[in-house]
């Protein structure tokens, strides 16, 4: 493990990953990989999660391609130095922020969207000029093997390597020194990753999870609301970090919600859900059993059917759920949707605030003021109002958590920034040393006053411009006065010439 | 008995009650900070003189004025910084409202060091308050006089339901770190930085660590030695060298060294007189422990200038060492004192190689008349910040982020960067309940036709949206 990391570091130190051209080439190669090896990619992910072709495309591949295209288009601009506003002391100097790669980045992927959650950070790390070690999740075995096979065929084999393995290998890997660690997964392991990073003072981005609440107001179109929630909840069989984890609503709405979700499920997956190519399966037996245990003692409004052999759990809704029960104690990460009745939006807000900050928060209402209040009085990684999941899709948003749902963010330019060091640079000249006398000892009160002036006075371009104009005006006036006689003579000459030209042109 | 439990609970309750959210409250806190600085100028100067023998000039320029400047900047820009930031939308979200909401994290812990005990406590505090957090301040117990002023006088100017100063040494700080905070801002040594980050990991608390390192200072053959000597000496001996961004050591050719030494001597004499110990413009070492550590470093290499010390006064003369080996202690640890070793290199390439073999420093300096040489050092190295042909002037520009990289730290602050550091940037997408027909594309059951539509949509380059 140590040797592998050292090899990657040597590759980084060679400087190969830095030039813009190289980064663009690698990103283009990645794009080609996605297009040419489409079949292999689909097959691997389908095998891991029983996902349909369409779902792989719409959930994973399209985001990856979009991200690569976005990088290719904008990277040339991002790598350039950005000049900053200067003050009086630095007026004549060059001051800018220059993005630089960090070095060797470790990306630990997740199993629920094994392709996009590993490749999207990789895209950012490559774009920022780093070398990368990718550690896909061992739970999504086929995807892990596929990445280990395909990536070296398209990317630089020394700068970007895939290391596969389980807990043991990951622990070994975390003992090594990296320049940034990007982890997607659960809270418990997030703590382990950050602790390991602390030993080397390695900055981390942790994309974790939590229970994302979904508040449904009286004042909304329940048909549409339930369709959107159904889509977001049962997508990937509930194994989505930003899936609406549970519903909060007034008790009077429960029955309607249950009925409408039930109808929508039928519409989406048919009468025999097991046969639907659009409904996925639970990743493995351990999670299957875990999710099953959450059903104990609960009032199942519909669903609840399971099949251990195929790790199938039907889309399920629970009603009148007691907040103290197990299903409300951990992130569900499965196709079970508890409804917790609350009296009103105040109680909902209190309920949410008593708990850990979630990765996402959802609120459905026609009442814009209510939505605003929800946002103002709670905190979460992100928010989508009147829909679910969608804030993930806009890459101008920094996507990430807060509190126990994570730290740091990525997507689009935020990925580039996450994997770069934004280095402040000030370039002065060795001239004008005389001016510096003001700062050198021996000091005096007047020097103190000057120091304050330069530090606290704003560099106001407009005022300075006006001052300059006044100064120039004075200079002009003085010059005119001084050379009056000469100017008079010259003026006469010019007048005569111009008159002559006009007269001669009139002749023609 | 946990001495911090009550204080922390009180502050958390105040935060949950929403006291620190309104702009008026935050502005009032910032104005209070401003008044603290103005009304206690003499008190602060005296405390700084007592702790570090800081001259009025140094106290004003590097402590009070800097802090005042940040307060003023924050007050002027608070509302603009607080505003929701609209973001560009894609095809799928064209009709929605998309913005980033800047939210306070909650309870913030600021742990400050002793070398610029006012500046490095108040400047982060400005950011934390402007961002709407409740703050626990842990000033350094080593700079005792300033600690006293911060503990006894500062709280009077701030709302004490949302702000507290806690005191103590390493043991108390360890106890404090066992508690859960929503953000920890630490300025100090890399060794303690690791301890802070490990403690933060237990609660998944994000951190900014402003650490240190050995800041190299490359001096090219092509430059005026007197100008370079002036600038390097000023930044090196400022605050008796106890500055995280001070040039730590010089890299230059033996020829340049020959020219630099008399220039440095001349500068030092001009700055501090023939007897620097009696100059009011030279600081003192903070305590005995640091003094002893520095005095031991005087034995490295050969003393070319200075070398005197006085234990009773914790005085160390502005010193330049030559013939220094890389393996000696003075080249192994961050000096943090008025000692400047010169290491010889034969070329700028060798200097760059020397720098890159070591940990990434907090600052890096290069002096040359040739802008090519300066730019070369810049592009072929990495560091927190960089200044060409001067010392840490880049710190005076609030439009430049200040922070380290690698072993010199993580995160950044100053100006708007402080506000952003202490805020959670929350993505908010508000969709309209209408336009459901468009959404129909994303719902199962999926069909080959839909797949085709999607594939066609994907062909279009620049499709950074998920056409669901």
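Note that Cβ sites are derived from N, Cα and C of the backbone, with glycine treated the same way.
According to TrEMBL, the feature domain 'Aldehyde dehydrogenase' maps to A:7-421. Regional average pLDDT for the domain 'Aldehyde dehydrogenase' (A:7-421) in the model is 96.
Residues or ranges marked as active site by TrEMBL: A:207 (among others). In the three-state DSSP scheme, residue A:207 (active site) falls into the strand class.
TrEMBL lists A:241 (among others) with the feature active site. According to DSSP, residue A:241 (active site) is assigned to coil rather than to any helix or strand. The number of other CB atoms found within 10 A of the CB of residue A:241 (active site), across every protein chain shown, is 27.
Residues or ranges marked as transmembrane segment by TrEMBL: A:464-480.
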Cα-to-Cα gap, residue A:207 (active site) vs residue A:241 (active site), nearest whole Å: 9
